[in-house]
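Per TrEMBL, the feature region 'Disordered' maps to 1-42. Annotation source TrEMBL lists compositional bias 'Basic and acidic residues' at 23-40. The domain 'Cation-transporting P-type ATPase N-terminal' feature in TrEMBL is assigned to 65-137. Annotation source TrEMBL lists transmembrane segment at 296-318, 330-352, 699-721, 727-751, 763-782, 845-864, 876-896.
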Amino acid sequence: MSNEKVPGPPTSGSPAPSQNGAEPEKKKREYKEFGHDNEGPTKALVDMDTIELKAEDLYDKEKVDLETIVIDDVFKLLQCDENGLTTDEAQRRLEIFGPNRLEDHEQNPLLQFLSFMWNPLSWVMEAASLVAIVLSNGQGKPPDWPDFVGIVFLLFVNSAIGFYEENNAGNAVKALMDSLAPKAKVKRGGSWSEIESAILVPGDLIAFKIGDIVPADCRLTEAINVSIDQAALTGESLPISKKPGDQCFSGSTCKQGEAEGVVISTGPNTFFGRAASLVGQDDDTTGHLQKILAQIGSFCLVTIGIFVLAEIFCLYAGFRYQYRRGLDNILVLLIGGIPIAMPTVLSVTLAVGAQQLAKYKAIVTRITAIEELAGVTILCSDKTGTLTTNKLTIDRNTIHTYGPFSADDVILLAAYASRTENQDAIDAAVVTAIGDASRARAGIKLLDFKPFNPVDKRTEITYLEEASGKLKRVTKGMTGIIIELCSRNKTEEIEARLERDVEEYAARGLRALAVAFEEVEGDDPEGEGNGFELIGLLSIYDPPRDDTKQTIDDAMALGVKVKMVTGDQLAIAKETGRRLGLGDHMYPAKVLKDGPPPGGIHTSLDHMIMDADGFAGVFPEHKYEIVKRLQGLGHLCAMTGDGANDAPALSRANVGIAVEGATDAARGAADIVLTEPGLSTIVHAIRQSRVIFQRMRNYSIYACSVTIRIVVCFAILSFAYKFDFPPFMILIIALLNDGTIMTLSVDRVLPSMTPDSWDLAEIFAYAVAYGLYLTASTIALVCTIKETNFFQNKFGVSLATPPPIASNDPQLHMVVYLQVAIISQALIFTTRAHGFFFMERPSTALFVAFCIAQLISSIIAAYGDWGFTKIQGISGGWIGIVWVWNIVWFIPLDWIKFAMKATIIKKLRARHEAQQHKDIAAGIPMTRTQSRAASIHESLYSNRVSFIKRAARKVGFGGKVSMKPEELQRFSSIQAQRAGATLARNPSRTA
C-alpha cells in the first residue's frame, strides 16, 4: 500500500480544466506523487547456468543488471532459494565479496611509526646522524657515537610520542565506530536470526520492518504496505512506496510496512559504497596543515642552510679548521636549528584534540581536519535530516479553520482519521500534534476505517461518539479531493479562500492537508452522512532540530557564515531559512548553470554564491560545485550532510561533517562524523579547533624562534671567538625542550572569535625578533665572562681556565648550555600569551614539565662532568648567576611582543588588508595562507596517511580487490540517468 501523501507547492504548467470542471489540471498536478517506473524487467545477457559467482561477474553490468532482471533470475544468478544460504556458503561468500561495510584503511603499526620520520625536518636530523657516524671518521678519531645515538634516540622518542597519541585517538574513534555497527535480520538454513549487517553477503534473505535501516542493496521478494525513506539519495522529505521486485538501497529507512528481500550487493559494491569510492578519486593528499608545515619547515631549513654555508666558508677557508673540528660546529647548527619535534608536537596536539572531540560524540576520521575547521569561514549545510529532523510535523501556528471548530478541534478530528499503529509519516505527524497519542481513540468507538490509498488519496474514519451516542465521520487528505466531497459548505467564497490558503502554504513551502467532517444518521456505519463540511486546513512541514537555530546563531557569532544547500523546493528552503534566522535570500539550482540574470545586482556567479543564504533543488554535482567555487574564492569551507547525495561535497569540502544517522557513504566521505542528534557538536568542534589552532600557532612561533636563536647565536660565537660548542649538549637541550613542549597539546588557551588563518609573515617576524633578542642574551653573557672579570669579582666565582677565559673552557660551555636551555624554554610563556605572560595561566602540565626540565638542566650543569662532551660541572654560584641573568633578560620579552604588534605586525596586516581589497576589486581570489611564496616542498609534507598507503603497497601489506574505474563510472552514470529521469518527471518534488 502506498504511503499517504501531502500536497506540495504548485508546479509550472498550463492549466487545463478537468473532466468534471471542478478544478484546473494545474491544481491536480500539484499533488501528483512519485509512481513506479514503467520499465519492464530485463533478462540477463549470459547463460544463468554457467555464470560463476564472482565479484567480477556479479557487478559487471554489461553481463547482468541485478537491479532490473526478473526476480527469478536474481535467485538463479545468486544461487540461493527461499530457505536462505547455509552457514558454510555464507562464510565462503564473505571471503569472496568481503564484509558489508565501507573499506577500513587499517594502518600497519610499523609503517605508522616510521611515518613520523618521513618529512624534510626529520631527513636533516637523519642526515646529521649519518654525518656523526660516517663523516666524523678521520684524523685518528673514532665515529661520533654519542651524537649518533643521541640523534637516533631523539628521533625515536618523537616518533614514539606521536605514535602513542595517534593510536589513542584512533582507538577512541574505533570505539565510537564500533558502537554504530548495525544489525540485520537474516534467514540462513531455513531459520531467521539477527546478525551484524557487516557479515551479510549477496544471496542472503533479509527482512526489515518500520523503523529499520535497510542493511544492504536488495531486491524485494515480499512487500506489505512498504514505504522507504530515500531522503539520503534524493534530498526530499517524503518516503517512496515499494512493491515486490523493487530495489531498496543500503542505508535507507523503512518508514512503513514490512518487507523481505534478497541481498544483491554489499559493502563497497552497494550504491552508497560505490558513491563513496567515487568520491575519493579526486582527493588532494596534501592537506592544508601539511602546506603550512612545509612553509615553516622551509623557513627553518633555509635559515640553517645560510649559516651552515657561512660556517663552511669562514671556519674552513678563513680559520683553517681541521676537518673534524668544523664538522662538530656544523652539527650544532643542524641538531639545534631543526625543530625536529614540530611534526610530532602538531600531531600530538591534533590527536589530543580528536580525543577531546570524541567526548562530544564526534569521530574525527581525518585528524588534520581539526586545524582546517579553525579557519572555516563558510559552513554549507544540507537541510533534510541535518538542519531539520526529517520528521513531518503539523505547524499549529498556521492552521486555517472554515467552520465552527477550533484549531485544536481540527487537529483532534484529523487524529481520529489517522492510524495509531503501523503509521505512515502523515498519520504520525497528526497524532503527535495532539500531544497525547491516546486521545486519538479516547471517547470514541472505532466502527470503520479506510486507510490511505493512491486512488482516493485520503483516509476516513466512522466512529461512535460515546458521550453523545452519535455516529460521525471524519476524512483527511488532498485538498482537491476533500473539497469535492464537501457538499455542505462548498461555496465560491470557501473555494476561493481555500485556494488562497493553499497558495499561501505553497509560497512558504508548507504542504496542505484538508480535514472534513459529517454526521451519520442512524446506526449503520456504512450509511450515508448528512454531507461533509470542510472544517480545517493543516500545514505540514519538516521542522528544524531543536538546537539548530542556536547552533547557527553560535556559528555566526564565531564569524562563520552558514548557507543552506538542499535538494528540496525553493519555497520550503526559504521557509526553513526564515525559521532558522538564516534569511530567505535563496536561489534555485539552475542559476549555477545559467548564471545571474542580466541587469541584476550580481556581477558574477561567484558574487551570487557569496551573497546567497542558500540554494534549493540542488543535485550532488551542484553541492560539489558550490563548495568548489567558495574554495576558489579563498574560503575554507565546511559541509554538513547525511546522505549519499552529500558525499561528493563532503569529500570536496575542507571539512566534511556527517551528522548523526548518516549513511555509510556520507560517513566514508566525511572528516568528522557526529554520533548524537543535533548540530551543537559542530560549534563545540569549531571552538575546540580554534583552541588547538592557537596551541599550534604558539608552538610554531616558538619553534622558529629557537631555530633563529640557536643557529645565529652559535654561528656568531664561532665566528667571533672560535667557540666550539659540543653537539651532544645541543641534543640534551633539544630532548628537554621536546619533553616540555609536548605538554602544549593540553595548554590552556582562549579560542578566537573569528576564523583563524596562518599568517606566516607574522609568525616569521615574531620568530626573528625573539630569536635575535635571545641570541643577544647569550652573546652578552659570553662577552661579559670573557671580556671582563665582573662575575668573578662580584660573586667570587671562577671557571676552569684563569682569566682571560679561553673560548673553549669546558665550564664556559656548561654556563652557555644552562643559559640557552633555561631561557629558550621560558620563551614559550611569552609566545602563548596575547598580553603579559602572567595574565594567562598556563596548564598545570606545561608548568610542571617546565619546572622538571629546568631542574634537570640545573642538575646536569652542576654534576655533568662528561669527558666526551668537553664540558665540566659548574658551581652553584654560576647556576644562580645564569638564573638571575635569564630572569632579567626574560622580562622585556613581553615588551618586544607589544612593540612588534604596534609596528611591524601592524604594517604587515595593513598591507595584507590593502592587497586583499585590491585583489577582490580585481576579481582575484584571496588566499587563506598569507605567505610570501608557496613552498616548493609541499609534496614532501603530504598527508602521512598517503605515505603509509604507498609504502604498504610496496611491501605487500593491506592488499585489496580493486574495481575498475570504468565500471564504477558506468554504475554511477546508470544511477544518475535513472534518478534524473524520475526527478524530471516529478519536478515539484525537488526543484
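The backbone N, Cα and C atoms fix where each Cβ goes, glycine too.
Heads up, TrEMBL stuff is auto-annotated, nobody curated it.
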Local confidence of the prediction over the domain 'Cation-transporting P-type ATPase N-terminal' (65-137), expressed as mean pLDDT: 78
Selection from 296-318, 330-352, 845-864, the stretch that has most Cβ pairs under 8 A to the transmembrane segment (876-896): 845-864
Interface present between the transmembrane segment (727-751) and the transmembrane segment (330-352) (three or more C-beta pairs under 8 A): yes
Composition by DSSP (helix, strand, coil) of residues within the domain 'Cation-transporting P-type ATPase N-terminal' (65-137): 44 helix, 2 strand, 27 coil
Cβ-Cβ under 8 Å with the transmembrane segment (699-721): same-chain residues at least 6 beyond its ends: 296, 299-300, 303-304, 307, 310-311, 314-315, 329, 332-333, 336-339, 341-342, 345-346, 349, 730, 737, 741, 744, 763-764, 766-768, 770-772, 774-775, 778-779, 782, 786, 807, 816, 820, 824, 827-828, 831
